[in-house]
Amino acid sequence: VSDLAESNGVAHFGSIEVDSTFSSSSYAEIVVFRHGETEWNVDGRIQGQLDVELNDVGRQQAAAVAARLSKEPKVSVVYSSDLKRALQSAQTIWP
């Protein structure tokens, strides 16, 4: 994500600051990500609730997110819509 910067354990996203050095089991960390790319994204077409699958780039993007999240503490739960593009992305991250 191009708007994300980190320095001295503090992540900055736009005007939001998150102290990543905070260590406590009394909080939950929520990670939000968008599904990978589809051919309709490439074409600039709006998908809405149409069930469009990921393309090769989208599958690579989901794999990259999975690789990055594998460096974090264990993921407890993943929520996704039932649309193929979202479900494929989520299943790659949490098989």
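Cβ from N, Cα, C; glycine included.
Because TrEMBL annotations are produced automatically, they should be read as predictions rather than curated entries.
Bear in mind that the values here come from a model prediction, so they are computed numbers and not experimental data.
According to TrEMBL, the protein has these features:
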type    : residues                                                      : note
BINDING : ARG34, HIS35, GLY36, GLU37, THR38, GLU39, TRP40, ASN41, ARG85 : substrate binding site
Just to verify: the residue among ARG34, ARG85 with the fewest other Cβ atoms within 10 Å, which of the binding-site residues is it?
ARG34
Taking the centroid of the Cβ atoms of ARG34, HIS35, GLY36, GLU37, THR38, GLU39, TRP40, ASN41, ARG85 (substrate site), which other same-chain residues have Cβ within 8 Å of it?
GLN47, VAL52, LEU54, ASN55, GLY58
State the count of C-beta atoms found within 10 angstroms of the C-beta of GLY36 (substrate binding site), not counting that atom itself.
24
Which of THR38, TRP40 has the fewest nearby Cβ atoms, counting only those within 10 Å, among these binding-site residues?
TRP40
Taking the residues the record says bind substrate (ARG34, HIS35, GLY36, GLU37, THR38, GLU39, TRP40, ASN41, ARG85), how far apart in Å are the two Cα atoms that sit farthest from each other?
15
